[in-house]
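S.K.: Provided herewith is a single structure, encoded as structure tokens, for subsequent inquiry.
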Amino acid sequence: MPKLLKFNEEARRALERGVDKVANAVKITLGPKGRNVVIEKSWGSPTITNDGVSIAKEIELEDKFENLGAQLVKEVASKTNDVAGDGTTTATVLAQAMIKEGLKNVAAGANPILLKRGIDKAVERAVEEIKKLSKKLSGREDIAHVAAISANSPEIGELIAEAMDKVGEDGVITVEDSKTLETYVEFTEGMQFDRGYISPYFVTDAEKMEVVLKEPSILITDRKLSAVKPLIPILEKVAQTGKPLLVIAEDVEGEALTTLVLNKLKGTLQSCAVKAPGFGERRKAMLQDIAILTGGQVASEELGINLEDLTLEDLGRADLVRVKKDETIIIGGKGDPEAIKKRIAQIKAQIEETTSEYEKETLQERMAKLAGGVAVIKVGAATETELKEKKHRIEDALSATRAAVEEGIVPGGGVTLLRSRKAVEKLLEELDGDEKIGAQIVYKALSAPIRQIAENAGYDGAVIIEKILASDDPAYGFDALRGEFGNMFEKGIIDPAKVTRSALQNAASIAGMLLTTEVLVVEKPEEKKETPSLPEEY
């Protein structure tokens, strides 16, 4: 396939045009008075959104050279979104400001490599300053604030705060469609997995068709149980305690199942058998999770634990177990809290290491079940377009809130980035030459988001910045929604520190790459051959 090439200044200018086209479409959405963008879809109704990453992802430019620049900005937005769940528009505005200023200097003869070095040093200092300005979330009210700002809705903020309140910081919160017009939170307490009773004869509540076991002993094994002989010793021990028994195994059939059912029907031993959740390696991990949660052991050949040798101490315990046709919920597991914490930390480490999205989701789900429950936010709306938009806002707000819990909050409205210039200012005294110019590029760009927020709300950005910098209070800023100045923390205008940090780091990374680009290579578009027309006599 033949290629087209562009070199030096011509290449960089083409990239800049692509960057500007995407950034100009995205930056009008920044701040409380940002506008919406309507995106045509090849199927279904158009999408109305003010989410930076959604807009950027939809843009594909006709000019292949410009499109390379557009793709780089998309990368800034999606990388920030993946890491922090928000701040995509801020990242785009920062990237555009750094690229514009940087290209001016490269055209004037500055060394791109030294510029990049200066940019990296300045960003490092600014990030340190952001960390200093951050403070930990103090409770439910702060969580509601962060979520409300991200979603642009106090109601959504309250829903997310309620969900987090119930499942804790590590709990899983999922977003699903509601069957009604209402948006509400549904909560599943304890550990739940998608496996029900093997036989309906185990049912204790005929009306609800479910098994309820109070304070049961829990036998956990990764084997298939068919013969009854290995089970007899432990069944006798459990029967003597008068407590019910839950058996979780790869499968229970034949003699083993018959014995459990008969004992239940005779009233000798109330019990229930369910299949183990998951498959393969995931099944082993989930059985181990259940064992740690309930304080039991997995009877497994791999671990050298035989069914015949099991004692009552090897069985798990819980306050209550509910088993339906296709789900089991274990409430109030009696496992050692320290062991549970260690297991959660282990799963957290695995989440950070994995690159697979599916793997990440299953690990997060496992972690939530250990942490104490799953909350589902059911989203309702009158139309499909509204539902899509609302669901998207809730998912974004959820990610931003998690980021805030992780690294704390900073004053919002672009104030933190503006205040972090102080650290870059000190750095400028230490640098010289093109490195100093690189740091100045970052210094200038740090005021771009607040200027854009002010302009979107109809104010003069330069005047707003001057007034903010006249105050010594690091949290003093401008409320663009009401047109007032004041302490951003007191006004509830806050951002997750992780969002602000990620936006700056990702913008600088792409800007540095673009400034050091000398050649663009794209595929030459194929010329469409005209279809020959048929002779007239046909």
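Each Cβ is built from the backbone N, Cα and C atoms, and glycine gets one as well.
Just lifted these from Swiss-Prot, have a look:
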- T29, L30, G31, P32, D86, G87, T88, T89, T90, G413, D479, A480, L481, D495: ATP binding site (BINDING)
S.K.: Count, for each of the binding-site residues T29, T90, the other C-beta atoms lying within 10 angstroms of its own C-beta, and report the residue with the smallest count.
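M.R.: The binding-site residues T29, T90 were compared, and T29 has the fewest Cβ atoms within 10 Å.
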S.K.: Could you check the binding-site residues D86, D479 and say which one's CB has the fewest neighbouring CB atoms inside 10 Å?
M.R.: D479
S.K.: Given a 10 Å Cβ-Cβ cut-off, pick out the one of the binding-site residues G31, T88, L481 that has the most other Cβ atoms nearby.
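M.R.: Max Cβ neighbours within 10 Å, all protein chains included: T88.
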S.K.: Over the residue list T29, L30, G31, P32, D86, G87, T88, T89, T90, G413, D479, A480, L481, D495, recorded for ATP, what is the maximum interresidue Cα distance in Å?
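M.R.: Across T29, L30, G31, P32, D86, G87, T88, T89, T90, G413, D479, A480, L481, D495, the two farthest Cα atoms sit 20 Å apart.
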S.K.: Three states by DSSP: which one describes L481 (ATP binding site)?
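M.R.: In three-state terms, L481 (ATP binding site) counts as coil.
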S.K.: Kindly assign D86 (ATP binding site) to one of the three DSSP-derived states: helix, strand or coil.
M.R.: coil
